[in-house]
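Q: Take this structure, written in structure tokens, and hold onto it; I'll ask about it next.
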Amino acid sequence: MAQQYQPGQRWISDSEAELGLGTVLAQDGRLLTVLYPATGETRQYALRNAPLTRVRFSPGDVITHFENWKMTVREVDDVDGLLVYHGLNAQNELVTLPETQLSNFIQFRLATDRLFAGQIDQLSWFSLRYNTLEHTSRQLQSSLWGLGGVRAQPIAHQLHIAREVADRIAPRVLLADEVGLGKTIEAGLVIHRQLLSGRASRVLILVPENLQHQWLVEMRRRFNLQVALFDAERFMESDAGNPFEDTQLALVALEWLVEDEKAQDALFAAGWDLMVVDEAHHLVWHEDKASREYSLVEQLAEVIAGVLLLTATPEQLGQDSHFARLRLLDPNRFHDLKAFRAESENYRPVAQAVQELLDKGKLSAAAQETIHGFLGAEGDSLLAAVNTGDEEAKSRLIRELLDRHGTGRVLFRNTRAAVQGFPERKLHQYPLPCPVEYLELPVGEHADLYPEVSFQSHSDVSEEERWWRFDPRVDWLIDTLKMLKRVKVLVICAHAETAMDLEDALRVRSGIPATVFHEGMNILERDRAAAYFADEEFGAQVLICSEIGSEGRNFQFSHHLVLFDLPSHPDLLEQRIGRLDRIGQKHTIELHVPFLETSPQARLFQWYHEALNAFLNTCPTGNALQHQFGPRLLPLLESGDDDKWQTLINEARSERERLESELHTGRDRLLELNSGGAGEGEALVEAILDQDDQFSLPIYMETLFDAFGIDSEDHSENALILKPSEKMLDASFPLGDDEGVTITYDRNQALSREDMQFITWEHPMVQGGMDLVLSGSMGNTAVALIKNKALKPGTVLLELIYVSEVVAPRSLQLGRYLPPAALRCLLDPNGNDLASRVSFNTLNDQLESVPRASANKFIQAQRDQLTPRINAGEEKIMPKHAERVAEAQRRLAADTEEELARLTALQAVNPTVRDSELVALRTQREQGLAMLEKAALRLEAIRVLVAG
């Protein structure tokens with residue numbers, strides 16, 4: 001007897017019908033491997049419960065050969081477990097077609113099979129299926145797909161960069177925004193949009209070890225991306241041959257990777273579509289030598305098509321270091337440092353001319369001569385129009401110059417000066433007497449920046465002698481919190497021990513409601529603490545964070561920040577302030593800094609305030625100044641030499657002012673315009689906010705929850721609690737937690753309550769729920785009674801829902817041109833299509849349900865009459881399908897031709913346009929047009945309506 005599965009047999013997936021016809025490749029032990037050639041996907045299933053249905057056609061069925069000729073089946077043979085079909089082709093010739101040669105694009109009329117088998121569903125399920133198809137089609141066509149679902153306020157420059165970069169094939173770019181402008185969010189948006197569109201399916205994220213947790217939190221909380229964090233322990237403990245092959249998104253610390261050659265080999269072997277490198281400016285490169293970290297990233301960049309480098313601004317880095325980043329992206333274009341320097345110098349006068357145009361609205365004779373020399377005669381007409389005040393000509397001139405910018409397509413750099421929306425900062429300093437207990441610490445310890453830690457570690461103290469009972473900063477904190485009453489206050493200190501001690505102090509000494517947040521807590525515990533702090537009515541007044549514990553969190557609903565101590569590096573200070581100082585902060589940031597007089601704390605405060613001006617403004621020069629003056633700074637924090645100290649402060653202040661002046665004069669306004677989007681980002685923001693205000697998603701989700709047996713109840717304003725009910729239909733529904741979850745559709749609520757799921761059309765719960773509806777068969781049949789006086793009792797109407805779709809690899813992004821769309825046909829007894837006159841919702845309002853037994857009895861009695869009418873429906877709907885396909889082909893051809901023309905022209909004046917981009921675009925066009933030619937109609941659902 002033949003085995004159940006044989007290589008070559010054709011099966012269809014019950015849960016992923018969109019994959020097309022599958023072919024059994026192998027049966028290995030308890031695993032079954034099936035290839036889906038239409039999409040290039042391979043799946044492995046457990047042999048005992050594989051969700052597959054055998055494809056077996058019957059006499060009378062019309063089937064298609066992979067070379068696209070058709071035959072009508074007359075006989076079916078089973079030869080060693082494989083089916084062989086015999087029948088007649090279009091020329092009425094006898095032909096044979098083994099199942100191994102069936103077209104991969106054959107569609108199945110499962111709705112018809114279920115209808116005549118008596119599997120008739122509720123009317124609510126039929127409506128849910130139709131609405132799911134409609135929403136899926138709408139979202140796939142949306143320009144916001146992959147941009148609107150992030151848990152963040154929509155910000156113009158971030159959205160512009162994300163769309164511009166994510167819509168490229170294998171993007172290779174440098175994201176170099178100033179601190180606080182959201183490079184991590186930009187990278188997350190690019191990753192998210194590339195994954196949703198299919199342009200990328202495997203992403204590698206390389207970060208410094210101290211940023212791993214921040215990235216993990218950002219990707220999971222903001223984007224719902226399940227990133228796998230790899231370190232030496234996880235890599236060694238994995239049972240897989242190559243642990244990296246088992247994950248779609250890998251987060252890896254560069255420090256570990258450089259030291260582990262086995263991990264490097266596995267990483268290279270795994271294959272990736274996109275690599276993201278954070279803090280790329282720390283990769284050291286010189287003309288004669290590169291660091292191990294740089295060399296490793298360089299080797300990866302050679303084999304990974306898409307590369308995103310997140311880095312400091314070019315002005316901070318210096319030209320040589322900036323060149324080192326660019327050569328990672330395109331070593332052929334950026335191969336000679338001297339040539340790059342010369343090119344940059346040649347371009348500087350053009351950037352200055354644009355600065356003049358933007359500042360004054362017109363161009364001097366010298367600036368016009370500069371632009372003429374850069375654009376040639378073709379720019380003269382634009383210059384003439386600009387001189388008459390033509391705003392459109394001004395925009396076109398800037399675009400022409402940008403297209404010729406040496407790094408305009410690969411570098412995105414926004415500055416705080418160019419981006420609006422940041423709050424002001426106000427500093428409150430509180431010098432306090434240093435307690436004698438700290439002065440009596442062992443020699444050498446009293447100079448510590450964190451004396452409370454030294455006191456606890458060097459003293460065998462009782463509960464009554466703990467440091468927070470005598471430290472004046474604690475008294476000051478209690479008094480300040482009482483003065484601010486119920487105002488939310490964020491406190492940050494360097495160590496987790498200090499944070500926990502402060503919580504104890506507030507509880508014991510004041511009763512002020514407080515919660516703590518540190519690296520020793522897991523993500524769930526941190527979420528609860530953040531939620532307790534965010535709750536306006538019953539929450540904590542104060543949240544006490546350690547340095548590391550607050551990474552990646554956003555507390556901008558608060559605007560009072562207490563720096564209980566000061567960090568040892570200005571970048572860490574900026575990170576602390578950045579918890580509140582973000583775009584969208586509605587209040588002035590109130591910075592409260594208590595410090596102990598005549599201590600290293602006092603001098604460090606003076607260094608940050610007087611030398612670096614780091615409290616009242618961001619300090620882009622802080623890292624350079626710390627590096628330059630650090631060797632002199634640290635000893636003087638401990639020394640009492642006032643003259644040397646004041647000399648250091650004065651020198652550092654002068655150097656900062658000089659560097660800031662260089663940064664300002666070196667600003668490339670043309671590049672800022674490109675990075676900001678010149679209005680395109682604002683349009684995206686408006687569209688996302690409009691989408692947020694619509695009620696279609698909550699209405700749809702309520703019907704989805706009802707269908708699957710998910711109970712929902714009010715939690716608070718704009719929030720719901722979801723729990724699985726006893727009648728839950730499918731345990732695989734992606735609720736996220738078996739015990740239940742709290743959700744909100746409100747973006748502002750989600751930003752302040754990170755314990756709540758932010759539900760958008762892109763959320764895994766929504767996408768997973770919709771997939772369950774469409775991949776299953778529930779709702780593809782229904783029978784109803786229609787109450788309409790215009791219809792004679794007993795009249796039978798037939799409502800047929802077809803899906804017009806193309807089965808193709810997601811990377812081709814054909815969903816933008818031909819998304820799966822529900823085409824509706826409403827046939828009367830005479831074969832007339834009434835769908836254009838009677839909408840789906842209008843019809844629904846006239847229907848009543850029919851008991852299943854009665855419905856089944858009616859269908860069986862009417863089978864012979866219904867079958868030809870169902871077949872006739874496809875003829876009625878085919879012109880609509882053909883029209884959609886033709887329009888999709890036209891749009892695809894037009895879009896790619898326009899982009900090819902633009903890039904080809906651009907390549908002539910800007911070498912950063914790679915040949916590979918043009919080749920990939922042409923290939924994508926040809927493959928896309930060929931796939932659209934195979935687009936098919938599929939009968940998705942049937943509803944039989946009987947007038948009564």
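Including glycine, each Cβ sits where the backbone N, Cα and C put it.
Got these off Swiss-Prot a minute ago, pasting:
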type    : residues                                       : note
DOMAIN  : 164-332                                        : domain 'Helicase ATP-binding'
BINDING : D177, E178, V179, G180, L181, G182, K183, T184 : ATP binding site
MOTIF   : 278-281                                        : motif 'DEAH box'
DOMAIN  : 473-627                                        : domain 'Helicase C-terminal'
Q: When DSSP states are folded down to helix, strand and coil, where does D177 (ATP binding site) land?
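A: Assignment for D177 (ATP binding site) reads coil.
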Q: If you count other Cβ atoms within 10 Å of each one's Cβ, which of the binding-site residues G180, G182 has the most?
A: G182
Q: For the motif 'DEAH box' (278-281), jot down how many residues DSSP puts in helix, in strand and in coil.
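A: Across the motif 'DEAH box' (278-281), DSSP assigns the residues as follows: 2 helix, 0 strand, 2 coil.
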Q: Per residue, counting other C-beta atoms within 10 angstroms of the C-beta, which of the binding-site residues V179, L181 reaches the highest number?
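A: Top count of Cβ atoms within 10 Å goes to L181.
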Q: Please work out the number of neighbouring Cβ atoms within 10 Å of the Cβ of T184 (ATP binding site), leaving out its own Cβ.
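A: Its Cβ shell of radius 10 Å holds 19 other Cβ atoms.
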Q: Take the mean position of the Cβ atoms of D177, E178, V179, G180, L181, G182, K183, T184, the recorded ATP site. Which other residues of that chain put their Cβ within 8 Å of it?
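A: Not counting the recorded site residues, we get E186, N414.
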Q: Go through D177, E178, our binding-site residues, and report the one whose Cβ sees the most other Cβ atoms within 10 Å.
A: D177
Q: Going by DSSP, give the three-state secondary structure for G182 (ATP binding site).
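A: DSSP call for G182 (ATP binding site): coil, neither helix nor strand.
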Q: Name, in the order they occur in the sequence, the residues of the same chain whose CB lies under 8 A from the CB of K183 (ATP binding site) and which sit 6 or more residues away.
A: L175, A176, D177, D278, L310
